[in-house]
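Asks: The domain 'Nucleoside phosphorylase' annotation in TrEMBL covers 98-349. The phosphate binding site annotation in TrEMBL covers ARG139, ARG183, ILE184, GLY185, THR186. The substrate binding site annotation in TrEMBL covers GLN262, ARG264.
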Amino acid sequence: MNGLSVLPRSCDKIIQRIPKEANGHHHHPHRKLYDNDGEIQEYREDIINEVDEDTVRYPDGSVRLRNPNIELMDQDILYHLALGSGSHDLVEMFGDVKFVCMGGTPKRMEQFAYNIMAEIGHKLPCGTTLQDISHFSYRYSMYKVGPVLSISHGMGIPSVGILLHEVIKLMYHAKVRDPVFFRIGTCGGIGYEGGTVVISEEAVDGAMRNVLELTVLGKVVQRPAKLDRRLVRELKGLADPEDPYDTITGRTMCTYDFYEGQGRLDGAFCDFTETDKMEYLESLHKAGVVNIEMESLAFAALTHHAGIKAAVVCVTLLDRLKGDQVLAPKEVLDEWQQRPTKLVCRYIKR
């Protein structure tokens, strides 16, 4: 192919590999990136912008996987959920799921499960209580309340990424139709006081790129980190003018780290000045970034790749333009963390 090779069609961005000396003969909409051999990998921004509906849905609307290997397996072990397609009747257990809500900690998502149970009027059979379905995985916690799954995703891109692979497969095995995914969490605001609810319009990385980068078989793959814009508008429309706090929309920056990656001065290491930090945060603010957290990039990219409607709703714990440490009292933080939960509950109750 005259020195040109292309990755399989399953990748969101087709990567063209060209020798160094060919640099300069291509222009927008390509994006250049060097691989380990010093060759330039050019990412065609215009090749694949949207997920083909036929690749992610069956005619009845149930989730279809972009992995033909799963259909050939005798059984699929969802190891980190302590479930399996052979050991459990996943259609019976989860076939009625409509909403999947994820958040960082097991305690928060247990609390969300009780909250949504009260909000939708779901009653458990007499003599039963909510159970952590994934208790024996010792990794994540998962509760089911009628059509709602409440799952803890841990902290950071790797943790939420592993969970999403298995939850998306769970949707497939359970033959769930058109699920809606939510990430409910906390974040640092950029120019917004603690307690502000943020609905993410899109997720970007620390270099302001709207893609999740993965290294797959030694090659860099980029997946667009897109969120459903209509869902953003619907959630924003459910904000109550009587709420004693603001609900905003904007760009969310997702980092791989809580300290250096977010420009904090109070980590174990710091090789930049306060002036450097403030210049960076101000540049983010001017670019429309309203908050920083550590999961949205993977959440947006993987749900988009699966063709699943998804949204990220977080509450700010501080304004990063004013400091690095979370100083609000615990009881205040607890109340703030209920705010995104209330908004998602309003959506589910519609």
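Note that Cβ sites are derived from N, Cα and C of the backbone, with glycine treated the same way.
Looking at the shown structure, can you explain where the listed features end up?
Replies: Within the same chain, the residues at least 6 positions away from THR186 (phosphate binding site) whose Cβ sits under 8 Å from its Cβ are GLY104, GLU293, CYS314, VAL315, THR316, LEU317, TRP336, GLN337, listed in sequence order.
With a cut-off of 8 Å between CB atoms and residues at least 6 apart in sequence, the same chain places PHE258, CYS270, LYS277, ASP324 near ARG264 (substrate binding site), listed in sequence order.
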Asks: Which number gives the other C-beta atoms within 10 angstroms of the C-beta of GLY185 (phosphate binding site), all protein chains shown included?
Replies: 25
Asks: With the phosphate site defined by the record as ARG139, ARG183, ILE184, GLY185, THR186, how many Å span the farthest pair of C-alpha atoms?
Replies: 20
Asks: Would you mind giving the whole-number mean pLDDT across the domain 'Nucleoside phosphorylase' (98-349)?
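Replies: When the pLDDT values over the domain 'Nucleoside phosphorylase' (98-349) are averaged, the result is 97.
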Asks: Far apart in sequence but close in space: which same-chain residues, 6 or more away, have a Cβ under 8 Å from ARG139 (phosphate binding site)?
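Replies: Residues satisfying the criterion: HIS80, LEU81, GLY154.
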Asks: Check the binding-site residues ARG183, ILE184, GLN262 for other C-beta atoms within 10 angstroms of each C-beta and report the one with the most.
Replies: ARG183
Asks: Using DSSP reduced to three states, classify GLN262 (substrate binding site) as helix, strand or coil.
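Replies: In three-state terms, GLN262 (substrate binding site) counts as helix.
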